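Peer 1: Here it is, the structure in full.
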Ligand SMILES: O=c1ccn([C@@H]2O[C@H](COP(=O)(O)O)[C@@H](O)[C@H]2O)c(=O)[nH]1
């Protein structure tokens, strides 16, 4: 099996208003990253699927963070269409089991699908507000097991739950971890509640980390991305020790 490098474990969130600015950020990163997330904001641009194709042509991997959530038949059909786009990874919400199974069945051989367990913008008080009184780490673990049982490729969770998720799902599962703040900027940006540094999340077992604003808003995005890759290397070394 080929080893996933530190650079391949960094997914840069292209949270920008249109495909043209997304291409600009990719160019400014100058090869410092090779895996890009195109999410809901970019999906409002008519050039979304051209952007996915362009990123693939450039040799990058593409994560369509569309967080699908609907009845099983609708999600299954949407996943099937998305699988034709060339994207590597897609999110769905950890909705009903039949929906997770429909997504797994429709994904085909190339597209991997992961379930969002509990958004990293939620803390226990937010969950209580939604009528959910299960401790957040137990909720995440429950959804991780449901995703595994449905045949999905893994989950999205925060760094705080990733060790337990990894233990439950085994070494091959994807554990994609947003809410990442570099060691020099480890506080949340208001909306992120369950945050962690790149090194700590990787050491705990994240397969990939997702980083948006700390790179997008940096004075030198390429230098910020390279510093995060160095933190990932540090996390991998801690994991191996
Ligand atoms: O639980 C989740 C799921 C997805 N995201 C997405 O990740 C990035 C994080 O961006 P930052 O600027 O690094 O906070 C963003 O695109 C979210 O939509 C998440 O944060 N949490």
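Numbering starts at 1 and runs along the chain as it is shown here.
Here the Cβ of each residue, glycine as well, is placed from N, Cα and C on the backbone.
Remember, TrEMBL labels are computer predictions, not curated facts.
Owing to the predicted nature of the structure, the values given are computational and were not obtained by experimental measurement.
Annotation source TrEMBL lists domain 'Orotidine 5'-phosphate decarboxylase' at 9-228. Taken from TrEMBL, the feature substrate binding site covers 15, 37, 65-74, 120, 181, 192, 212-213. Sequence annotations record features per position, and here TrEMBL assigns active site, for OMPdecase activity to 65, 67, 70. Residues or ranges marked as active site, proton donor in TrEMBL: 67.
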Peer 1: Do any of the recorded positions 15, 67, 70, 72, 120, 212 touch ligand 1, in the sense that the CB is under 6 Å from one of its atoms?
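Peer 2: Among 15, 67, 70, 72, 120, 212, near ligand 1: 15, 120, 212.
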Peer 1: Among the recorded positions listed here, 15, 65, 70, which has the most company in the form of other Cβ atoms within 10 Å of its Cβ?
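Peer 2: Ranked by Cβ atoms within 10 Å, first place goes to 65.
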Peer 1: I want to check the contact list for residue 212 (substrate binding site): same chain, sequence separation of six or more, C-beta distance under 8 angstroms. What comes out?
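Peer 2: Looking at Cβ-Cβ distances below 8 Å from residue 212 (substrate binding site), excluding near sequence neighbours, one finds 12, 13, 15, 37, 178.
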Peer 1: Can you give me the same-chain residues 6 or more apart in sequence from residue 69 (substrate binding site) with a CB-CB distance under 8 Å?
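Peer 2: Result: 75, 92, 93, 95, 99.
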Peer 1: Could you give the mean pLDDT over the domain 'Orotidine 5'-phosphate decarboxylase' (9-228), rounded to a whole number?
Peer 2: 96
Peer 1: Show which residues of the chain containing residue 67 (active site, for OMPdecase activity), separated from it by at least 6 in sequence, have their CB under 8 Å from its CB.
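Peer 2: Those within reach of residue 67 (active site, for OMPdecase activity), by Cβ under 8 Å and sequence separation of 6 or more, are 40, 91, 92, 93, 116.
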Peer 1: Only counting partners 6 or more residues apart, tell me which same-chain residues put their Cβ under 8 Å from the Cβ of residue 72 (substrate binding site).
Peer 2: 96, 98, 99, 101, 102
Peer 1: I want to verify one value. Collapsing DSSP to three states, which class is residue 72 (substrate binding site)?
Peer 2: helix
Peer 1: Tell me the coarse DSSP state (helix, strand, coil) of residue 66 (substrate binding site).
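Peer 2: The residue in question, residue 66 (substrate binding site), is strand (DSSP, three-state).
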